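The structure appears right after this line, and notes come after that.
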């Protein structure tokens, strides 16, 4: 019975670790995506100030 109990505990620890890791990874991906969008907007804002860059990338620059 001791080996069965140890094996069961091992499986519970592995399962718990996997579930916690999966959920925390999802949260960090969401934060990374949000930060990435902010960086992208900042880069396009700089590009939109430059007339030549604005003309080449009109789809990213709002109409004035």
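Placement of Cβ uses the backbone N, Cα and C atoms for every residue, glycine included.
Keep in mind that this is a model prediction, so the values were computed, not measured.
Here Swiss-Prot flags 47-53, 48-61 as disulfide bond. Among the features that Swiss-Prot reports, signal peptide is placed at 1-21, with the record citing sequence analysis.
Annotated features, which come from Swiss-Prot, shown on the structure.
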residue : record         : Cβ neighbours (10 Å)
47      : disulfide bond : 15
48      : disulfide bond : 16
53      : disulfide bond : 14
61      : disulfide bond : 17
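If you take the Cα of residue 61 (disulfide bond) and the Cα of residue 47 (disulfide bond), they are about 8 angstrom apart, rounded to a whole number.
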